[in-house]
Amino acid sequence: MDRKDLQETSNNLPDKTTSKNASTNSLDTDSKSSSIGSKHGNETGSSKDTPFTYLEGEEDQDQKNDVTYVCPYRGPAYGALTITNYRLYFRSLPLRDHEPPVVVDIPLGVIARVEKIGGASSRGENSYGIEIFCKDMRNLRFAHKQQNHSRRTVFEKLQSYAFPLSYSGKLFAFAHAAAIGSSAAGENGWNVYEPLAELRRLGVPNDMWRATKINENYTVCDSYPAVWAVPKQASDDFLRRVAQFRSRCRLPVLSWMHPRSQATITRCSQPLVGVGGKRSADDEQYLNYIMEANAQSDKLAIMDARPSANAIANKAKGGGYESEEAYKNVEIHFLDIHNIHVMRESLRKVKEVCYPTIDDSKWLSSIDNSLWLKHIKCILAGAVRIVDKVETMSTSVVVHCSDGWDRTAQLTALAMLLLDPYYRTLRGLEVLIEKEWLSFGHKFQQRIGHGDNRHSDADRSPVFLQFIDCVWQVSQQYPNAFEFNEHFLITIIDHLYSCRFGTFLGNTEYDRVQEDLKHKTISLWTYINSSVDQYLNPLYPSFTQGAQTVLRPIASMRIVKIWKGLYCRWNPSMRPQNKIYNRTRELLTMQEQLVKQVTEKRLKANMRQTTQAASRLASPMH
């Protein structure tokens, strides 16, 4: 935040009200998460002034006026700490009149763990207090005075409201939706994705593919959606038999179909081959059905996301991969993308590089040693290989990893984004996330750890974060191909953690149906679609011919780069001077004015031509 912004913040302290238009941005302060303000609702009365805008359903839980925030950039800042059931808010008390305050404002869902530092015998300034480790690259430290025991209640409130599921509580999304009730304005984001409508857009049903509701009650596969698209030749009983030979019963179902060639992308989990090399005639026949549904090719490409050594090792656990001897007309490719544990460790190293201090002399080597960009490159390269098979070779592709809900989702979603311009629109990306990630059972609850305090859980991993990073990488290579901007992607990541919306809660579609999240929480897309202007890309050619149909990004270590706007945004030395989202709005306004001027001039030119033609017709010479 620049000095002018900080001064404005210090001079404008709103009452405890809920504003219709309040929406702060992730780049505004040293420690402020994006889109914290509310967009709906009525005023909630309060007898005291508070320096931030409360959301509907947000209530104070604890306040302390003698806390010190140990800021890694400005040094210790003395001030007041407020904890609600949604956020932690700290505001310093400036020592001089014109000194801007230090502000920390984070949703409690962002917190990964809370630890006490120092004890009763601690000596030295700021050696006794609490350290907070966040999921969004930050660590925050607050010092307390030992004599008034203020640390105890702060620690207890943070534990119970940051990790409500570990204390038999509920996530804030439920209280937020209950407080808003039926007053939420705008379109219901839960209706953004409608499976049958999306299948119709892809051309299903047709001669070769059909929709089935065999899994309507989630009995065939509890981690798959209720609606599938499958080859027409495969009966429902046949599908049940095929499911038994795939890990977690996740048999191959359609993700995307090429509008001209009918080449398809289908997704599944690994076959249960095992050490003994088991076979399933039904599974082999089923893959043949998928191949035959595409008349353009007599081959089927299987893209196994794993390194080949890992796929072989999985045989010892009863899994494995399709052998080219058993599966006729099949070619298998290993894409060398590592597992969730490797990715988690890689992101930990990125955090060490980006926060709190950055060592210029070791910046490049440290980023390289994290291997993060190498992993991003491998995912991009895998998606490009799928695109090449489908678009250039007109060959259908089956994609899987081990269970088919992590690396598989990365590859199918990214390949679909590259192949289909619809998914590069704002609404299209929402549909893509709903379809390939949410409905097909990416385990958001376990991967992110919403509301639970098991920070060392081996199931935690930044799989979805990597996908959004890949989308950003492609947008850097094709800046005019996307309707949305970087702020849209960062807002998705911020609310992946915030627990304010129900979109990313639960592990599967079945979980969300059981919890009735559609009626008990608000969708993130409701929030975003009610103010799309701030998420639009001014370079997107909305008033000319559409963006390039198929994108083929260069998946090279020479091209991929660290996303500083996300990973380094809390470090003031890495923050851009001008707020990008404000500049974007200015450019969109200018674009709208220019388009209006062009339209008006064309109308005037057409009117002149019409008048001249009429006068010539009226002339006696004609």
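Each Cβ is built from the backbone N, Cα and C atoms, and glycine gets one as well.
Note that TrEMBL annotation is computational and uncurated.
Listed features, source TrEMBL:
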ACT_SITE  Cys401  active site, phosphocysteine intermediate
BINDING   Asn314, Lys315, Ala316, Lys317, Asn339, Ile340, Cys401, Ser402, Asp403, Gly404, Trp405, Asp406, Arg407  substrate binding site
COMPBIAS  8-50  compositional bias 'Polar residues'
DOMAIN    189-567  domain 'Myotubularin phosphatase'
REGION    1-61  region 'Disordered'
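Cβ contacts within 10 Å of Cys401 (active site, phosphocysteine intermediate), excluding its own Cβ and spanning all protein chains shown: 28. Counting only same-chain residues six or more apart in sequence, the Cβ atoms lying under 8 angstroms from the Cβ of Asp403 (substrate binding site) belong to Ser247, Arg248, Arg250, Ser269, Gln270.
Each of the binding-site residues Asn314, Asn339 was scored by other CB atoms within 10 A of its CB, and the lowest score goes to Asn339. For the residue listed as 'active site, phosphocysteine intermediate', the nearest of the binding-site residues Asn314, Ala316, Asn339, Arg407 in terms of C-alpha separation is Arg407.
Counting every protein chain shown, 10 other Cβ atoms lie within 10 Å of the Cβ of Ala316 (substrate binding site).
Spread of the substrate binding residues is 21 Å (greatest Cα-Cα distance among Asn314, Lys315, Ala316, Lys317, Asn339, Ile340, Cys401, Ser402, Asp403, Gly404, Trp405, Asp406, Arg407). The average pLDDT computed over the domain 'Myotubularin phosphatase' (189-567) stands at 96. There are 23 other CB atoms within 10 A of the CB of Trp405 (substrate binding site), with all protein chains counted. Neighbour density for Arg407 (substrate binding site): within 10 A of its CB lie 29 other CB atoms from the protein chains shown.
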